Every structure is written in structure tokens, then in C-alpha cells.
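Novice: If you scroll down you'll find the structure; I have some questions about it.
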């Protein structure tokens, strides 16, 4: 009678269909802890009997028949990516899809996972169609080829956050932690549990460990179906074998594993249960790996001794693809060969064979497969989309994860703060204590123009970070880890404190050193409008990252648009001088409103004079004329105007300068609200871009 050690990191693969689920291992571990706490003898090698029929996995059968998928190219040309592909996979099986580049491996995986639109054919689970239902999202997981993880979180933290997103809220935090600990052992990550994931600038786990963490984050809820797109890509043979070993254990716990793989080694082939070889979208072999040598021999191409079976098969397919007839003969031979093979007994002959899909899933949930948002008392349905947590809890978890990851990169925090401080100090030393002269007024305007544009350009450095997070968002929301609006709101909540710190730093550095007026009230408004500008710029950059996933293109779009906003913002050309066919851009310029706001805040005091007496001649042909002659000119002008003009007469106040700049339509508070409103508008656009533009589907 086979037995399994609950504390063992390795799980024997020789137990056939009788291996325990992850839920049973946790239950066994919990029983051991309970006995230990009550004083009973709890052996370190406490074992779980899994030979009884009650512990056999609940049977599932995923069948796909006559799958076809075409895409339109240039000049209405049609390219066939899948052509009449059929097959099946049972619980406990690992199905591998092989083929050369462009054969359709990833397309088939995406088709089965429901990530392909306009697909022809049928995909059924226990006889019920699930391809277009929300049920498939809940009971399955999809592991992308790229490892999309937060680099500064540890392995345990990454899996713990995944458990908080995917496991039912009825499960206590201690139970979730136990599940994470069991999964770490199952993935062989015990020695790396407290190591950060790492990236180019931070040393972390190895490539093979990173791949296993990616798999673990998606199987934390013990899904019934697991899809993987080339999980061994970029790994050496040892790490690739270890990854497939993990997948084999997952399958033996009652799941079905479907993956694409490129030229597996002989050791990996021994772990596979079913095999499909594709050639230009057509199936040239579908069956058990052990039958592949006989298949090739019957086709007239026996496998030479000591030759890797799959490498020989793929070389043969590549050779046939280069011939005039192509692989048509092999495709036809495969169809006839499949018809002549006697079907092998499958696990569908268990006592549960009469269960419907809903009953099978409910039984699996009660047996430890904690499908997101479901419990044995609250089964999922084919129509509803189920989430594990309420929106407020999702926002809290997302915010906590982001802050933890962000707080471990102090160099980025310090660099961004230093950039703002250095910019402020440079501006302060250039525009030091400006006076109330015509030249001082002009220099104030130049300072405000550069300062406000700095707020927006500084935000552009976050584009790569936002785009990386976007891909993580896609991976997690594909299977309803959390709601889209929860992600957007949490993104706002964690961004606002950072922007406030930058705003205060810049305001303190420049307000008094440049000589801006108005006292404490004006300073506070100056801080708030800078904060609003940062908020608006950050929201715009976030929207671009959600709309354009390419870093270089998003940078070009961002910089170009901000440059146009600066041009039309009112400093380089007044509003009344802008051509009528461009005036619309003046009003959608993000920099117009904060720029006008700080000008009004500075020049709105009618008691401040910026052109007094003979200063009116500065910068003109009369500047070199002696002051005595200028006074006589004032007498002549005064007589003509019926007023007395002296050297101390104020000829232009702050409000006069505002009118000269064409700033008369909005108050400074109106400009503040509009600036904040731009930020809200772009956050809404960001939400819509994620909701409708990030479906993660092929078209």
C-alpha cells in the first residue's frame, strides 16, 4: 500500500492515481500539529494513507475536437495557425505540445485556455462546453512564458500575496500560510524561500527557481487545469527537468497539465503522459510518448539507437516540410494510425464517472482544490465571475504589496527625490531673489514655465515600471485574481503620498529663494498646485503605459505630447495669438492650467507694481535717453492724458501683466480644480484601457 510522507519535499510518482492532493497534505500537516499541541506522539514522518478509493482524484476529461484558427494578414491574405487539431487530456496527465517555431504550439495552448477569439471547433470538460464560459477562468491557471514577478519580493511573499488573491476569504491567514509552506516544499524552493526574486540590478533566485515561483503563483489555488507556454524556455537541461518534475507532481495531485515545449530531453519525455506534435498548424502525431517509436517505425522511419525520440521526430517533420509534398502524407498516416489504436483504460472508470461537471468541481473543492472564490458550501457556476475577496480587501492587499516592493528600492526613491531637489536648487540659484522690475517679471514667467513643465517630465521616468506592472496585472486578472478597478484605485492610493513628498520638496526649495510673494497662504497654494501638476502628469503617464505596452513608443508619445502642451501652454505664445485652427490644443494642454494658476497666485495683487516711471523705457530705443528727458516726456504724456506721471508712478501692476498674457478666463482655484480633474480623467482612461484594451487575447 503506497504511503506519502507529508513533510517530504519529494513526492513519489510511482503511486499512480493514488497520490494526495495539496489539500490532503495540508490536512495531514494540520492533524500532526494538533496532535503535537495536545501532547500526543506526533512522529516527524507522519504518513497519510492514500490507497483507499475515497482519496482518488475526481475524474476530469478535457477534450478538444477539430480546432481551426485563421488570422488575416496583408491584402486580405489568410494564414492558418490551427487546422483540424483534436486531442484529450485527463486529470493526472501531462500533455506536451511539440513543434518547430511557428508550428502553432502557443496558439493551441492559448486556444484551449480561451485566449483566442474566432476559434472554430469545440472544447469540452466532462462533456460540457467551457470555452466561452467564465468557469474556465476560475478552475484553470495560465503560466506565461515570461516570468512576470515583483523583483523585490521574496519567494514566500510572492506566493503569500498570490494566496491572498486566489484563495477563498473564508480561509484564515494561518491556513493560507500553511498552504504556501506546503507549496514551497512541493516546488522545491525551501532553500530560496526568503530570497528576493531579483532583477538586472538586484541578485535574486536562479532562472529555474524563478520559473517555479511563476508556476507556484498560478497554482496556489490548486487549479483543475494548468496551461503553460514553454515553461522550460531559457533553462538548462537540469532546471528544465526540475520544472517538468514539479508539473508532474501537480498533475498527480488531480490536475491536468497542458504545456508547449521545445525539444524536450529524454528524461522529460519519460515524465509526459500525452504528446501532440504540430507542423504548420496540423497534427502529425497525437498519442502516448511510448507509442511514438512504433508510430515512426510504421511510417517507415524507425528511430536509430541512442537517438532522442522527439529530436528525431522533429527533424523528420522539418525535413518533410521542406519537401514538395510537405507533411500531408504524415498527417494522413497519423489519422489512420490513430483509428487503428485501441484506447487505453482511463481514470474515467472511477466511482465518480457518472458525476456532472458541476458535481465534479464541487467534490474537488471539498477535497482541497480551493478554486478562487469558491467553497464546498458555495460552488461556482458557469455564468458568474467569482473573486476571492471583496473590493476593499483587494485594494488593501494590492497597496500593501506595492508598498513592500517599492520600499525595497531606496535608490529609486532617493534618485527621484534628488532629481526634484537638484532641479529646484538649480532654478533657485539662477532666479535668485527676483526683483519687481519688468525684467524680474519676465524672469518669473520663465521660471514658472520651466518649473511646471518639470513636474510633468519628471513623471515620465515611471513609464517602464508601469508597463512591467501592466504585464503582471494581465497575468493575475486573466483568472480573476482581483477586479480591474481595485487595481486602479490601489495604484492611486500608493502614488499620492509619493507625489506629495516631491511637491513639498520642490516648493520649499524654490518659493523663498526665488523671491515669490504672498506669504504662507501663497506658499500653501504653490504646494497644492505643484501637487496637482504631479498628479496630472503621473495620471497621464499611467494611462499611456496602459494604452501602449512598448516602452520606446510610449516614451516617444509621452515626450511629444508634453512638448506640444508646453508649446501651447501660454508661455511661448499668448492665447490671443494662437491661430484659430490650433486654439483647441491650447485648452487641452496639461501645462496651461498649472502655469496660469501660479501666475495668478504671483501677480494677482494689484498693489504690486512691476513697471514704475522710467522703467517703461527699458528694452526700447529710449532706454539710453537721459532720465531728465524721460521726465519731460512724462510731463508731455501726462498733459495729453490729463494726469500726472512721475518717476515713481506705477504704469503696470500684476493684474495688468496677467491681461497682457491673455490670462483672464479662469481664477487660480478654477485652474487648480481643472488640473486635478485632468488627473482623474486620465485615471478613468487608464481603467478603460485595462478593461477593454488588455484582454490578452489573439485576434
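Including glycine, each Cβ sits where the backbone N, Cα and C put it.
Checked TrEMBL, it gives:
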- 62-305: domain 'ABC transporter' (DOMAIN)
- 413-434: transmembrane segment (TRANSMEM)
- 446-467: transmembrane segment (TRANSMEM)
- 487-511: transmembrane segment (TRANSMEM)
- 523-545: transmembrane segment (TRANSMEM)
- 551-573: transmembrane segment (TRANSMEM)
- 671-692: transmembrane segment (TRANSMEM)
Novice: Look over the recorded stretches 446-467, 523-545, 551-573, 671-692 and say which has the most C-beta pairs under 8 A to the transmembrane segment (413-434).
Specialist: 446-467
Novice: State the non-local partners of the transmembrane segment (523-545) in its own chain: residues 6+ outside its ends, Cβ under 8 Å from one of its Cβ atoms.
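Specialist: Sequence-remote neighbours of the transmembrane segment (523-545) are 451-452, 455-460, 462-463, 466-467, 469-470, 491, 495-496, 499-500, 502-504, 506-507, 511, 516, 554, 557-558, 561-562, 590-591, 594, 597-598, 601, 668, 671-672, 675-676, 678-683, 685-686, 689.
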Novice: With pairs fewer than 6 apart in sequence excluded, do the transmembrane segment (446-467) and the transmembrane segment (671-692) have three or more C-beta pairs that lie under 8 Å?
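Specialist: As far as Cβ distances go (cut-off 8 Å, pairs 6 or more apart), the transmembrane segment (671-692) and the transmembrane segment (446-467) do not touch.
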Novice: Restricting attention to the domain 'ABC transporter' (62-305), give the mean pLDDT.
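Specialist: The predicted confidence over the domain 'ABC transporter' (62-305), as a mean pLDDT, is 87.
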Novice: Could you pull out which residues elsewhere in the chain have a CB under 8 Å from any CB of the transmembrane segment (446-467), counting only those six or more residues past its ends?
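Specialist: Same-chain residues near the transmembrane segment (446-467) but 6 or more away: 416, 419-420, 423, 427, 431, 434, 502, 506, 510, 514, 530, 533-534, 536-538, 540-542, 544-546, 549-551, 554-555, 558-559, 562, 565-566, 569, 571, 590-591, 594-595, 598-599, 602.
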